[in-house]
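Feature annotation from TrEMBL assigns signal peptide to 1-23. Among the features that TrEMBL reports, disulfide bond is placed at 36-116, 69-74, 122-318, 201-233. Residues or ranges marked as site 'Transition state stabilizer' by TrEMBL: 63. Taken from TrEMBL, the feature active site, proton acceptor covers 67. Annotation source TrEMBL lists Ca(2+) 1 binding site at 68, 71, 73, 75, 77, 89. Under the heading substrate binding site, TrEMBL lists 164. Annotation comment: TrEMBL describes 194 as heme b binding site. Feature annotation from TrEMBL assigns Ca(2+) 2 binding site to 245, 252.
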């Protein structure tokens, strides 16, 4: 299949620009040009250093932006610590023990506060970090529109009903993405974020050992792949880790090739091929990897424009809420 044409890319840019301008707060690539022109370079330098030291952080840093935007919009609420009166998103079942990268975000924020006190929001840091982490491990860069306002609240009980779950089918995935203004195609493209990262073995034990409660392996899974998984993830080690795709640590379209060759791990990943749209896109991504990399960037821009539910102000420390300033 031919690569994405300049005209197609232009149309994507224009479509995303409309989405961004329609957000409750208009975002701009130049938002910090006058107040903190070095913001993007500070973030990029820090991210590059973090990922050089621990390549697995790329997926973790990208994931923070996902988990932030799907709950209360892109407001940095996923970064807040719990208090005596507020159990935050960090403590939710889907987040606790699985999200990481908080210390790195705090370090970036501290350096930005030294350079430009009270200027760069935590939500914008997450958007920049997700872009830079992805590009560092093989993805293409994309323009990040800035100007998000941090939220002042975060609730653990809002997480499980907002985030996609590993057992979701195609219809459920589409519904979850639709709640935040993303369509089915966005969902299929953004699922490609599983090109990097790892998952606990227990997350796919049902498919591997007890498919539909029958004590068998999911018959749709490639037999050789299943045999390898049973060696790497015996039933006695549910907290072991397995890479989400065959090129662990490199952002590419191998995730979709894995799905097409029956080597997907999670039920929600395999579910993409239960719909013609998912099948069509997976084939396209494998045939034209660069098109996927570009389209992933535009889908991330669209996700990053999900407006904050309750904007509060720019937080000086990403883990705490201070009086407005």
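Cβ atoms are placed via backbone N, Cα and C, with glycine included.
Cβ neighbour density within 10 Å is lowest for 116 among the disulfide-bonded residues 69, 74, 116.
The recorded positions shown are 75, 89, 122, 252; of these, the one with its CA atom nearest the CA of residue 233 (disulfide bond) is 252. Between residue 89 (Ca(2+) 1 binding site) and residue 318 (disulfide bond), the C-alpha separation comes to 13 Å. Each of the disulfide-bonded residues 122, 201, 233, 318 was scored by the number of other CB atoms within 10 Å of its CB, and the largest score is that of 122.
The recorded positions shown are 36, 75, 194, 201, 318; of these, the one with its CA atom nearest the CA of residue 252 (Ca(2+) 2 binding site) is 194.
Within 8 A of the CB centroid of the Ca(2+) 1 site residues 68, 71, 73, 75, 77, 89, the other residues of that chain are 67, 69, 70, 72, 74, 76, 78, 151, 154, 308, 309. Of all the binding-site residues listed (71, 73, 77, 89, 194), 194 has the fewest other CB atoms within 10 A of its CB. The separation of residue 77 (Ca(2+) 1 binding site) from residue 245 (Ca(2+) 2 binding site), Cα to Cα, is 29 Å. Separation of the C-alpha atoms of the residue listed as 'substrate binding site' and the residue listed as 'active site, proton acceptor': 9 Å, rounded to the nearest whole number.
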